[in-house]
Every structure is written in structure tokens, then in C-alpha cells.
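Trainee: Quick one: the structure is below, questions incoming.
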Amino acid sequence: MQFSTFQKNLDNWQGASLIFGVLEEEIASQLEKIKFVIDPKLLLKKVSQKNFKGEKGKTLSFEFLDQKLETLIIVGLGKSKDLNKSDIENSIGNLVRKTIDKNEKISILLPWEFINSQLEINQLAESARLSAYKDNRFNKKKDEKKVLKEIEFLNLKKFENISFKETAQICEGVELARRLVAAPPNSLTPQEMSIQASQIAKDHGLEVKILEAKDCEDLGMGAYLAVAKGSDLNPKFIHLTLKSDGPIKEKIALVGKGLTFDSGGYNLKVGASQIEMMKYDMGGSAAVLGAAKALGAIKPKGLEIHFIVASCENMINGSAVHPGDVVKASNGKTIEINNTDAEGRLTLADALTYASNLKPDSIIDLATLTGAIVVALGNDVAGFWSNNDDLANDLKAASAQAGEELWQMPLQKSYKEGLKSHIADMKNTGPRAGGSITAALFLEEFFDPEIKWAHVDIAGTCWTDKNKGINPSGATGFGVKTLVQWIKNK
């Protein structure tokens, strides 16, 4: 899909489908803006008959109004004093999704005077493209409806020289993350994830290292391998490196949880635990690899970025880890496994230690780690923890710019008491109360405390069961845009 602009006299514009945004204010003068496709007086009469006043989220659709236009969709944006970027993005996203089956090209005209920057235009373009996303890989009968190929913005005089190149690159990263998360577990295996990572490296000139089980054993990754040994599929520890040309001013590690399927192990997932959905337990690694794809194309200056994924399955066989086993992580700390379904933090323990040994300035890990965060924050907001106020503030700012909502949670040190073990350095789970906090406290034990760190729990945000805003039902690709924006802000 491509983005384009039409900056010439609108009387010369030609198109089939137009989305037109209006404010909840005097309608007649706003309709004058589209006199190039229809008589404003005729349109005002039709709009008035529908009692449409531009209320936020309300839409009107007109077919074949004029020979110059097949479809006109008018979307209400609400009062100008209440107008915000998120509302515009969600409104346009919902409309694009409704029209993609009918059009190869959609044109958009909005009250651009209320858009404050090129970044906001780019993010609006992101929203339109990501709303139009479809995944038909596993359908026997391919979709024979039209495929949206172009989104055109009309009359962007305020932003004449705008470029959508980075916008497309970021969207490609999000779309990759969505495809990875949505892929069934017999399709996206640890082996396939390593192939996808290697392809990113090949396409964008990244260094790639894939560690096999023996390599991980040599590094002492007893926590990660304890999870992996219950599966007949070999684990793959993935490490991509993106190095900027010229002097490196900062080194960063992005770590993603990579469970391509999580049965729960001997603490088997049952009942409402949604075992059938546990293909998305690699949502963190999908975000990291999606960011690698986008950043590999963007090539930010002055940075060395490491993308790390400890990929495996959590399954049950004769070799699977038992509840009560004690394992040793690669930093030498011992862990009593009191719950085999708290496996993600075990894989992350060794992944974070590996990242820490690279001596980065910052580490950010993303993981579908706990159900507790879903109870706390629902499905629209991801929780995050950080040991550094500057990093936390930068991450919050990036998430706000990217339109992915984060909420900072406390690293409540008193809760570490719940992780104490009588026979090992710690247990892998604490009490039920505060479960997402104790999970973060567990992770904090596996990297140099001098390194700035943030942990993002995306268990509630990596998937949606229904169309919502810019996300069609299914995988959301949550986290890619925030990571990329955080890097771009450097």
C-alpha cells in the first residue's frame, strides 16, 4: 500500500471514494470545502434530513452522488475544542476498514488546520493503513474483494513536503508483528521464528546470531533450557544487531519473550486459561522483531541496537521440568520452579542476563507475562515498570506519540518477600496478589542494576477479539510503534 497527496486545485481532482471529516460546528461552511465533487446546497439538504451535526463518531454515507464521485463518507469529529489526534485516528481507521472491500484507492480530506505537525499526519496515515490490514494466509478461498492499494490525502498545503517513507516502514514492522502473533503454533515454531529473524537481517543489513541448545547450555542458560526441554522442537536463541555508521553514542538492548506455544507445562492451562490462544505468548518477541524490521529500514544514527529473543515452546513430555525443580540461570542464581506456567520469566531471566553481558546503556523487555496485568489494566493499556525515571519518562512520551498507551506500575520492593524460597535463591512466582509486580521484581534480578531497564507487560494489549480503533480483530502488533518512536527520539 502506498500513500500520496493531492496538492493541486481540487477542481482537477478525480477519485471514486472520499472520506470527509467535519466538526460539530456550523455545517454549511464546512461543506463548501467539497464543492469540487458536489453542490454544497444539495449536500446540506441531505445532511440536514439525516439530522447530522458532526457529532464525534457519527457517519453518513452517500453513494453515486455525482458522476465525479462514487462514494462520499462524512465523519463527525466532534467539537473543535475537544478534538484530539486519537479520536481522528480511530474514526478514520474505522471508516477505512469499512470501505476497503470496495475500493483500491481512498481519499481523505480533514480540517488540517487542527493537525499540528507532520508527525501527526504520518500517524494518521499509519492508522489508515493499519486499519486496512488483512491476514488471509490460512484461508482456502482467497479473498476476491478489492484490495486497498493507495490512501490519498487532499489539500495538505500546510505540509507540502511531507514524506510517508518512514510511515510505510513502521507499518511494515507492525504488520510483521501481527503476522507472527496470529500464526498458528504449528506454523510459527522456534525454527520459523529464527528464519524470520534471519530474513530481517538479510533484508536490512543486520548482524544475526542464532544460538542452538548446546550453545545456550555452554552459556549456562539453565532457566531457559528448563522450559525448552519439554518440547520436541529445538529452542532457538535469536540475536540481531543493528549498528549505525559512524560513532556510537548509545547501546540499547530490546528483549522479547518468545514462547511460540505455552501449554502451561505440568501446571497445565485449563478452563478459562485460553490454552487455544497461547500462540500469542510470543507477542513480545513479535514486537521486538517488528521493531528490528522497521529500524533496519530507518537506520537511526549513532546507535547500536540489539534485538534478543529466547524462543521455545512450553510443553509436556518425559523430559519436561517438574513443579518443584530447582534450576540455575546464567547469572548463577538458582530458581525454585513452583509453577511451570510461569515459564516466560524463566526464559527472560537468561535473555536479560545475555543482554546485560553486552553492557548496554538501556534494556527494554516486552512480554505477554501475566494475567494479573489484564485484571489491573484491561486490554487497552499495557503496564510497565522501570528502575530509572528518565527512561520511564522517555518511554511514556514515546508511547503517547505512538498512540500505544502505557501505565507505569510500582516496583514495590516489599513484595520481594513473596519470591523467597527455602531451598533456592528465589521462586519463580509469588502470591496471587500483585502478581504482575512480583513478576517484574523477579526479572530485576537478572541484569546489572546500573543498566537502565524497563519491562512492558503486553498480555492484555497484543490481541483484540473485535475491531477496535486502528486494530482489526486479531493480533495488534502492540509495542512496535512505541519502540520505534523511543529510538527515533534519541
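Backbone N, Cα and C atoms are what each Cβ position is placed from, and that goes for glycine too.
Pulled the feature table from Swiss-Prot, pasting it below:
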- Lys269: active site (ACT_SITE)
- Arg345: active site (ACT_SITE)
- Lys257, Asp262, Asp281, Glu343: Mn(2+) 2 binding site (BINDING)
- Asp262, Asp341, Glu343: Mn(2+) 1 binding site (BINDING)
Trainee: Considering only the recorded positions Lys269, Asp341, Arg345, which residue has the minimal Cα-Cα separation from Lys257 (Mn(2+) 2 binding site)?
Mentor: Arg345
Trainee: Are there any residues at least 6 positions away along the chain from Asp341 (Mn(2+) 1 binding site) with a Cβ closer than 8 Å to its Cβ? List them or say none.
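Mentor: In sequence order, the residues whose Cβ lies under 8 Å from that of Asp341 (Mn(2+) 1 binding site) (at least 6 apart) are Asp262, Gly264, Gly265, Asn267, Leu268, Lys269, Asn314.
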Trainee: Take the Cβ of Asp281 (Mn(2+) 2 binding site) and count every other Cβ within 10 Å, whichever protein chain it belongs to.
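Mentor: Result for Asp281 (Mn(2+) 2 binding site): 26 other Cβ atoms within 10 Å.
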Trainee: For the recorded Mn(2+) 2 site formed by Lys257, Asp262, Asp281, Glu343, which further same-chain residues have Cβ atoms within 8 Å of the site's Cβ center?
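Mentor: Everything else in range on the chain: Val227, Gly258, Leu259, Met278, Met282, Asn314, Gly344, Thr347, Ala367, Thr368.
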Trainee: Output the one of Lys257, Arg345 that, of all these recorded positions, has the highest number of other Cβ atoms within 10 Å of its Cβ.
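Mentor: Highest number of other Cβ atoms within 10 Å: Lys257.
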Trainee: Name the residues of the same chain, 6+ apart in sequence, whose Cβ is under 8 Å from the Cβ of Glu343 (Mn(2+) 2 binding site)?
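Mentor: Spatial neighbours, sequence-distant, of Glu343 (Mn(2+) 2 binding site): Val227, Leu259, Asp262, Gly265, Asn314.
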Trainee: Using a 10 angstroms cut-off on Cβ to Cβ distances, just flag whichever of Asp262, Lys269 is the loneliest among these recorded positions.
Mentor: Lys269
Trainee: Between Asp281 (Mn(2+) 2 binding site) and Arg345 (active site), how many Å separate their Cα atoms?
Mentor: 12
